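K.L.:
The structure's right below; bear with me while I get my questions together.
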Amino acid sequence: MVQQPSFSEWQQVLDLVKQAVQQEQHEMLLTMLMTPDEREALVARVNIVHELLQGELSQRQISQMLGVGIATITRGSNELKSRSEDEKAALAQLLMPPPSSEA
């Protein structure tokens, strides 16, 4: 009998991360699961989506600012284009919270 991996679907990984957040173990989990290069790539991807949602810079400018290839920006742009307006609004809310009103 062939053994199956415990985690075979993306949703299972998302559930694991959610559980780790609830237990305040998410930093440990994500650090353990991702190499430094993968964490750096994820930070770049978050910044790509953030900049694309802001819409103030061209893809070339984003590429230069973040030090990533234009193809990486294009992939992020294409993924964003495939999302519904509701999903884009939710992403914008996550990535661009309103400025704090603290004085």
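Easy rule for this one: first residue shown is 1, then count along the chain.
Using the three backbone atoms N, Cα and C, a Cβ is placed for every residue, glycine included.
Remember, it's a predicted structure, so these values are computed and weren't measured experimentally.
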K.L.:
Given 29-53, 79-103, which one carries Swiss-Prot's region 'Disordered' label?
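P.N.:
The range carrying the region 'Disordered' annotation in Swiss-Prot is 79-103.
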K.L.:
Helix, strand, coil: count each for the residues of the DNA-binding region (59-82), based on DSSP.
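P.N.:
Final tally across the stretch: 20 helix, 0 strand, 4 coil.
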